[in-house]
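> Quick one: structure below, then a few questions.
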Amino acid sequence: MAQSEFNLDHEISWFVLPSYWAKIIVGLISCMCFANSYDGDFVFDDSEAIINNKDLRAETPLGDLWHHDFWGGKLSSNTSHKSYRPLTVLTFRINYLFAGGFHPVGFHVINIILHCAISVLMVDVFSILLGGLQYSSKGRRLNLAPKASLLAASLFAVHPVHTECGLNAVFDALVINKLNILELIQKVLHKDKSLENVGLFKKGLLFRITLLLSGGVTMLCMRWRIMGTGPPAFTEVDNPASFADSLFVRAINYNYYYSLNAWLLLCPWWLCFDWSMGCIPLIKSVSDWRIIALATLWFCLIALICQALCSQDSHKRRILTLGLGFLIIPFLPASNLFFRVGFVVAERVIYLPSIGYCMLLTYGFSLLSKQAKKKKMLAAAVLGILLINVLRCVIRSNQWRSEEQLFRSALSVCPLNAKVHYNVGKNLADKGNQTAAIKYYREAVRLNPKYVHAMNNLGNILKERNELQEAEGLLSLAVQIQPDFAAAWMNLGIVQNSLRRFEEAEQSYWTAIKHRNKYPDCYYNLGRLYADLNRHIDALNAWRNATVLKPEHSLAWNNMIILLDNTGNLAQAEAVGREALELIPNDHSLMFSLANVLGKSQKYKESEALFLKAIKANPNAASYHGNLAVLYHRWGNLDLAKKHYEVSLKLDPAAPGTKENYSLLKRKLEQLQKKGDV
């Protein structure tokens, strides 16, 4: 006859399946929830964490990963957010290596597989945490998955909000040593001499906990040292409550944030990629109705804690304590209790707490099943919750497929979040819809009048639309609010240059470089300013600085070649052109510029080869065909010259100089034909 340890299965009306079938089902439903996102784009933070992260590239030494933050910056830098996840970045690097570049499919598939694997493993984890393993009369474990563990693993697999942590000490004390926390507290309070009988000293528990704590403290000290022994620098928009002057306001809002996280676990329909910048207005008075939410949270938590400590049922105490442990302990680093964090709410930090939530929900279901007369109806209700969560997962993962869908999905959730409007605007601007982008950028600035990035991007669009006065006003305000905002200083310089206020533009460029000394684009624009002022040596030096900082800066190389060409320094122009092509061998604009120089130097054959190569790379460039025609015209290959003049005029009938050159060629051909007839 089969035996079993204490479990919730007696009260739960659910499926009894062999262990392997249970794991297959959990794996399939977890895959089904997120499979539709496998071929999505890189979105939101992916651009900085993956695409622009130099730590993913082979040229970055592996050792640098241990001194850099999640974004590839130095942890010791004052601008770093101190997000230290070297193992995660290492997996990105491996993915990049095997995928042969930045292909999002590989990254998404790996994440889906990892979640499926974790969900499957949770079947066994919940079997241990919740109990329910069955054994034969001979003590051999039966290959059956406990109903409670299958239900809890299913709830975990399909939960729409899903980071990293561990709870070895809690598990060691409650499961292995069966420590009675209430009894321990009572004995400590009464200074009972029989403390060793409680279980604290049994089986080396105290030694193992001390070892774990020592290891944790050592890791924290190492991380603190790597970080540069300084906390991350966050701004008020990242976490407004943490900047409140009143301790009361801070405490009330932190607790309200906890209640929001709890609500996301209970009802994960209200999800957003970012919760900062006014998404959640501060509670500043006890008359705010939202106080009810945090009061409800603490009422529930206190009730559960009392049951976990005071229940006479040891199995109930164990399940509730483990559930609360998994719910609370992994969340503590994000709680603002020990240090300020750079977010208000972040769905990623409740991945592990969702384990505790699933345990508590399963336990609650078992209590209801015990009291309910219509157990099948209750089971149907739980199945309905699973199906609703599956649907929400499918919808949410579909929203994460592209930035447009992700950003727009947040408009209804956080309409007061300036960052949401900023990102919608940026996405529209990237797609060329400047008119719509302006609307969202303006709304972002209205919601957050100090949002310098929105001002900078809006100023850029207005600059391109030649609305220079308003653009200058926005960019001037941005640098006034944030004096070290290098990009805004550079863009302000571009606007001032367009307004022909050259001295102010030069000063703005140098200010940008002062705040970001490795700024190739700013050196490039400074070079353009000097070229407009006929300060040719200064222009060449500025462009040379741009190429030193960014060797693939094609525009800077091109401008150097063209300026040297226009000033008659053909030999120097040729040398610069060859140097540029060695670094950027497939850049057709560089081929074109060097071909022009070689043609003027009467190196016709080499010039022709470069022109043809440039045309092959960009066959619809009218100027490429027009200048090749000029080369053939000089060279005496008049038929080929005629052919390429005609192609150039077909591509661009108004191509400057081409029509006149073509007319000259036709007259020459007519003259030659007349001579031939004579």
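Positions of Cβ are set from backbone N, Cα and C atoms, glycine also.
Automated prediction, rather than curation, is the source of TrEMBL annotations.
According to TrEMBL:
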TRANSMEM  20-38  transmembrane segment
TRANSMEM  112-132  transmembrane segment
TRANSMEM  205-222  transmembrane segment
DOMAIN    230-302  domain 'DUF1736'
TRANSMEM  260-283  transmembrane segment
TRANSMEM  289-310  transmembrane segment
TRANSMEM  322-343  transmembrane segment
TRANSMEM  349-368  transmembrane segment
TRANSMEM  377-395  transmembrane segment
> Helix, strand, coil: count each for the residues of the domain 'DUF1736' (230-302), based on DSSP.
36 helix, 0 strand, 37 coil
> Return the stretch with the most CB pairs under 8 A relative to the transmembrane segment (349-368), choosing among 260-283, 289-310, 377-395.
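Stretch with the highest Cβ contact count: 260-283.
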> Across the whole of the domain 'DUF1736' (230-302), what does the mean pLDDT come to? Round it, please.
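Computed over the domain 'DUF1736' (230-302), the mean pLDDT is 87 on the 0 to 100 scale.
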> Who are the chain neighbours of the transmembrane segment (377-395) in space, where the CB to CB distance is under 8 Å and they lie at least 6 residues beyond its ends?
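Answer is 13-14, 29, 32-34, 36, 151, 154-155, 158-160, 268-269, 365, 368-369.
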